[in-house]
Amino acid sequence: LRAAPRCMDCLGMFTLALALTLTLTQTLPLPLRLLFGGHDAWAEFAATSAPAAAAFAPGATPRVAPGGTPRVAPPAPPPASADGALLQGFREKLTLEGDGAAKAGLALVPTGGTIDKDYPKSLGQYAFEIGEPASERILEASYLGFRFSMERVCAKDSQDITDDDREALVAALAGLAASYAIVTHGTDTMIETAQFVDARRARLPGKVVVFTGAFKPERFQNSDAAFNVGVALGAVQVLAPGVYLAMNGVVHADVNKMSRDQRTGFFQSSSP
């Protein structure tokens, strides 16, 4: 019996708190009523947010709030088909139609260099040899949505590249049916060769040529070859006709203003 008054007090306090909560949830702002309220508050939230969400849906008609400015809805995304309509632009750009068959609009032009070096196959040898073109292996393993061709000019260490080799490179580029070319080259004289080709750009109308290579052979597990070829592949699709160089994650637009950092060996532009 002595505990009865205490129970009654607790019940009274609970009833008072409940009544106060129900009263407050009718006057509090909606965010707080969502915190303290129940089904009615959430129903109100759904009713007020649905029109706003619909107003900003892709392709929706812009709404004007009272006294406000029009809010422009984002454009509707282009439809994507099962065969990848969003990539169709790149496929058309890198694929030429002719003679009743699809021809490659992108050409790989290997010249040798570190990127193509491989372990020696001859007995008693220890020096690296120039092997098969690494860029071809990289692209063949990349699930490409377009075709490419390959035109190998030479297979040399870049320190052994001569002006005759560079002239042969220009002739090969000029004779390509493709408008887009990725030239893989050794790092030591890559800039010199790119400048040589750029000086004869008049012989390459409409061609986009991107030079790249690697500091470590593609056969090495931690090589930068695949990354550099990937950067060059992305760049060649969006650049205007000209001669470019892609190394260290940077695409250089003016090969005549380039140099190598003497401390790191990184490629850099000597002026902005």
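Placement of Cβ uses the backbone N, Cα and C atoms for every residue, glycine included.
Listed in TrEMBL:
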type	residues	note
ACT_SITE	THR114	active site, O-isoaspartyl threonine intermediate
BINDING	SER158, THR187, ASP188	substrate binding site
DOMAIN	107-266	domain 'L-asparaginase N-terminal'
SIGNAL	1-19	signal peptide
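Excluding the listed site residues SER158, THR187, ASP188, the same chain places GLY113, THR114, ASP157, GLN159, HIS185, GLY186, THR189, MET190, GLY213 with Cβ atoms within 8 Å of the centre of the substrate site Cβ atoms. Residue density at SER158 (substrate binding site): 20 other Cβ atoms are found within 10 A of its Cβ, drawing on all protein chains shown. On a Cα basis, the residue listed as 'active site, O-isoaspartyl threonine intermediate' lies 9 Å away from ASP188 (substrate binding site). For the recorded positions THR114, THR187, counting C-beta atoms within 10 A of each C-beta gives the highest total at THR114. Residue pair THR114 (active site, O-isoaspartyl threonine intermediate) / THR187 (substrate binding site) shows a Cα separation of 7 Å. Counted over all residue pairs in SER158, THR187, ASP188, the record's binders of substrate, the longest Cα to Cα distance measures 7 angstrom. Summarised as a single figure, the pLDDT of the domain 'L-asparaginase N-terminal' (107-266) averages 92.
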